[in-house]
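A quick write-up on the structure given underneath.
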Amino acid sequence: MPTQDSSSPIPKRSSFSRDASGPIGIFDSGVGGVSIYKIIKNVLPRENYIYLADKKFFPYGTKSTETIFKRTSKAIKWLMDQNVKLIVIACNTATVETIERVRTKYPEILFVGTVPVIKTCAAETRNGNIGILCTEKTADSKYQKALIEKFAKYKNVYAQTCPHLVNIIEEGNIENIKTSPFVLRPIEKLKAKNVDTIALGCSHFPLIGYEIQKIAGRKIHVLDSGSAIARRVKTVLKKNLILHRQKNTGSTTFYTTAYAKKFDKIVSVYIHERAKSRLAKI
């Protein structure tokens, strides 16, 4: 049975030795993971970071489980070659489809995955109706269903898929996003179910969290997993004695497997940071 990242046992590293000055690796199929990166960086500003976007195979939500596993495995191996000390799989789809297998395949590296905050939603809901905005792959996954069974068994949980929304966010056109039916319709469907809590089950969605909250209205609490993941990363690093103790702010290097200039532009739109990404051949 899977557990929420914030409550599962703290992993301890094996023979794969990395010192505290090593970077934290953050991996996603595209730009979505920068929503998580930004929060982790705010919590741990002295750490160094390597962000890897697999734009060549974006989006993962439409790919087979084996394709996702192969690409995630290649990304992990590539990040390990960059001497990272921990890897954040900043993609809900990659997490629910591969996290158990990659932990078995690479026991020597520390992992933190990304899953919807179902446990938090179950604790905060007032009427017992919870919505999850996610990809079809995540909605159909055994992993998410097990989380619902474990933490929200006696709640009404509605997984609402959002076809095309990830692609629209990846394009970075904020004005189109605000009026897109691909944003409006999924939220309206959840409102029709009388949900009072919505979990953002894709790392892309917090990038338009303000727009989603505005559409949902003040009576619905919209939650994402970014803060919980950041706390988890800090806890794991501290437990393994590899928190970076440098006094200066750390550095970040962005990599993408394709479309570097477009990726850089979209990163600047969402988190106002210059990416200057390099090409990763994986």
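Cβ from N, Cα, C; glycine included.
Annotated active site, proton donor/acceptor per TrEMBL: Cys91 (among others), in sequence order. Its Cβ placed at the centre, Cys91 (active site, proton donor/acceptor) has 33 other Cβ atoms within 10 Å.
The annotation active site, proton donor/acceptor is assigned in TrEMBL to Cys202 (among others). Cys202 (active site, proton donor/acceptor): 28 other CB atoms within 10 A of its CB, across all protein chains.
All protein chains included, Thr93 (substrate binding site) registers 30 other Cβ atoms within 10 Å of its own Cβ. For Asp28, Ser29, Tyr60, Gly61, Asn92, Thr93, the entry in TrEMBL reads substrate binding site.
When Cβ atoms from all protein chains are considered, those within 10 Å of Gly61 (substrate binding site) total 26, not counting its own.
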